[in-house]
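This report concerns only the one structure given below.
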Amino acid sequence: MAAENFELLAPATSCAVSKVRVVARVRPFLSQEISVKSSRVPVSCISVVDQGHISPEEVTVNLKDPETSRNECYQLDSFFGQEDHTVRQIFDKEVNPLIPGLFHGCNATVFAYGATGSGKSYTMQGTEEEPGLMPLAMSRVLSLCEETGCRAEMSYYEVYLERCHDLLEPKAKEIVIMDDKEGQIHLRGLSKVAVNSMSEFRETLALGVQRRKVADTDLNDVSSRSHGVLVITVSSPVCGDSAASVTGKLNLIDLAGNEDNRRTGNEGIRLQESAKINQSLFALSNVIYALNKNLARVPYRESKLTRILQDSLGGTSRALMIACLNPGAYQESVHTVSLAARSRQISNFVVPIHKQGTPQAKVDMESKLRAWLESKGKTKSAQRIGGIGSPFSSKTPCSTASKVRKPLFNSSAKVKKTANQSDCKREKERTVAVAFGNLVENKDIANSITTKDHVEKVKFNSPRKALSPIHNTNGIQKGVLELSFADQLPARTPKTPFPANEEFKSFGTPLDKFDAQVSTLKSCVAQEYVDFLNTASREELVELKGIGVKMAEYILDLRETSPLKSLADLKKLGLSSKQIHNLFSKAAMGIFGRIEDLAAVPCPETSLSNQ
C-alpha cells in the first residue's frame with residue numbers, strides 16, 4: 001500500500017495526449033417490454049461481432065433492425081451487454097483508472113449519453129443493492145483520501161432550460177460558467193460540501209436528486225428533464241509545502257435523453273423542456289463534428305452543456321463517454337452509437353494543474369526582456385524592471401508614478417481663463433487626437449509630456465468624475481472628461497515634475513515626442529479605467545459605454561473576491577483581448593471626443609473682443 005501512496009503523490013510533469021474513450025452499455029429488457037412480447041422471447045438489436053483477428057483494444061458493435069434488413073457496424077473501445085452487474089464492471093475497467101489522476105491535479109469527466117429510457121440515470125445513480133458510478137467513485141475517492149490525507153468535496157447542479165441551478169444549496173441566481181486561459185471550466189456560485197463518509201454522501205446526493213427536475217412521459221415514468229452534474233473535488237497537499245495544494249475534479253454527468261415528441265406525447269412545459277434538451281444535444285454533435293474536422297472554430301458556446309464539456313472534449317480532462325442503449329430501439333441506438341463512434345477520434349491534452357519549472361522560465365524571460373531593453377538604449381526601463389522583480393508585476397509604472405505627480409486636472413468642467421487670445425490658442429494646441437492600439441498590455445512609458453513651451457505632467461483626478469457619463473436633454477448618454485489646465489508657468493523658470501536626467505531630455509524628433517505623449521496617455525487612462533471599474537456602483541457601470549446590466553453584475557461579483565489590477569484581469573470574465581480592447585475603446589474614444597468638443601469652444605476673450 002505504501003508503494004501505491006507514493007505513486008498517487010508523485011507529481012506529473014508532462015502533458016499527456018488522451019483519446020476520449022467510448023464504451024457501450026445495453027440495458028436489459030424491462031418487465032413491461034417482455035410482457036408485451038410474451039408470445040416470443042425478445043431479441044436485442046445490438047450485438048458484438050466476433051473479434052477473431054481484430055485488435056483487442058476495440059470492439060465492433062453490430063446493430064440490426066429485426067423488422068428490416070438494415071445492418072450497421074461501429075468501432076468502440078468496449079462493450080457491456082445485458083448481463084447483471086455491468087455497472088460494476090464499467091467502474092472497475094473504465095472509471096477506477098481515472099481516479100488516481102485526481103490526486104495529481106488532473107481532471108476527468110464521465111458522462112452517460114443516450115435516448116430517453118436507455119438507462120443513463122440508473123448507470124450513474126444505481127440503487128441501494130446495485131450502486132451506480134456516482135457512489136462507487138465516491139467510495140473509491142474516500143478510501144484513497146484516508147490513505148493520503150487528502151480532502152474530498154462534492155457539488156451537484158443541473159442544467160434546466162439552459163440555466164444552471166445548484167441542487168445542494170438552492171439560490172436565486174443561476175450558476176455562471178466561465179473558463180480560464182488554461183482551458184479549465186469554473187462555476188461561479190456553485191456550493192461545495194465536504195464529504196467524510198459514504199453515509200454523508202448518500203444523504204447529500206439524495207437531497208440533490210429530490211430537487212432535480214423529473215416528469216412522467218409516455219416513454220418513461222421518471223424522465224429526467226435536465227442534465228445533472230456531480231462534481232467530486234479532491235484537494236491534495238504538496239509534499240514539503242503544507243500551504244499549497246493540488247486540486248483535481250471528477251465530473252459525473254447524467255445527460256437528459258434526446259426525445260421524439262411524437263412518441264413521448266409532450267405538451268406545454270414538457271415540450272419546451274424537450275426542445276431545450278434536443279437543442280443542447282444537437283450542439284454537442286456540432287462540437288464533436290468541428291473537433292473531428294479540425295475546424296478553426298469549435299462552437300462550445302452554443303449551449304450550456306457544451307460549455308460544461310469544453311475542457312472534456314478537445315480540452316484538458318480525461319473523458320469517458322458511456323453510450324446507453326435500449327435493446328429494442330434500433331433507430332435510437334443507431335443515432336447514439338454513431339455519435340459515440342465519432343467521439344473516439346477526439347484527442348485531449350491533459351496537463352496537471354501543478355506544474356514544475358515555471359519560476360525558472362519566468363526568470364529567463366525577465367533577463368531576456370532586460371537585455372533587449374538595454375540593447376535599445378532604454379537603460380532606465382531595464383533598471384525599473386530589475387527593481388520590480390518581475391515584468392509581470394501587478395503594479396504598473398503608471399500607477400507608481402501617479403503617487404508622485406501633482407494633479408493638473410480637477411473636477412471642474414470649465415477651462416481656466418488665460419491672459420490673452422494667444423494663450424487660449426496655446427491651450428487648444430495641447431488637445432491631441434490619440435489613436436489607441438492594444439491597451440490590454442502594459443507598455444514602457446515616459447513620465448513626462450513635452451509641450452510647445454515646457455514639460456508638463458498629466459494625471460486624471462477621480463475615475464468616477466473622469467469617466468462618468470452625463471445625460472443630455474434628449475436622453476443620449478455621452479462620456480465626458482472633465483478637466484482644466486494649470487496656469488501658465490513663468491517662461492524664465494520652467495519647472496518639471498522630476499529632477500532632470502537622461503530620461504527627460506528633449507526628444508530627438510517630433511515623432512518621438514508624439515509617441516511619448518501617446519504612450520503616457522494610453523497607460524494612464526487605462527489605469528484610471530480599471531480604478532473606475534473597482535469603485536463604481538452598479539448604476540454607474542451600466543451608464544458606461546460598452547457595459548450592460550449583466551456585465552456590470554459580473555464585474556461587481558469579480559471585484560468582491562479579486563479587485564482588478566489591470567485590463568487583462570477582465571479575462572477572468574471570459575472576455576478575449578480583442579473584446580477587452582473594444583470595451584475600453586468605447587469609453588476612451590467617447591472621452592477624447594468630448595475633449596475635441598471642448599477645444600472647439602471659442603475663448604471668452606475672443607468673444608468679448610468681437611463684441
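Just so you know, glycine gets a Cβ as well, placed from its N, Cα and C.
In TrEMBL, annotation is done automatically, which means it is predicted and not curated.
Sequence annotations record features per position, and here TrEMBL assigns domain 'Kinesin motor' to 19-346.
The feature ATP binding site is assigned by TrEMBL to Gly114, Ala115, Thr116, Gly117, Ser118, Gly119, Lys120, Ser121. Less than 8 angstroms from the CB of Ser121 (ATP binding site) sit Ala112, Val222, Ser224, Gly228, Asp254, each of them six or more residues away in the same chain.
The C-beta environment of Gly117 (ATP binding site), restricted to residues of the same chain at least 6 apart in sequence and closer than 8 Å, consists of Leu219, Asn220, Ser223, Gly257, Asn326. Comparing local CB density within 10 A for the binding-site residues Gly114, Gly119, the maximum falls on Gly114. Other Cβ atoms within 10 Å of the Cβ of Thr116 (ATP binding site), summed over all protein chains shown, number 22. In this structure, Ala115 is the one among the binding-site residues Ala115, Lys120 with the smallest number of other Cβ atoms inside 10 Å of its Cβ.
Cβ atoms within 8 Å of the centroid of the Cβ atoms of Gly114, Ala115, Thr116, Gly117, Ser118, Gly119, Lys120, Ser121 (the ATP site) belong to the same-chain residues Arg27, Ala112, Asn220, Gly257, Cys324, Asn326, site residues excluded.
Other Cβ atoms within 10 Å of the Cβ of Ser118 (ATP binding site) number 26 in total over all chains.
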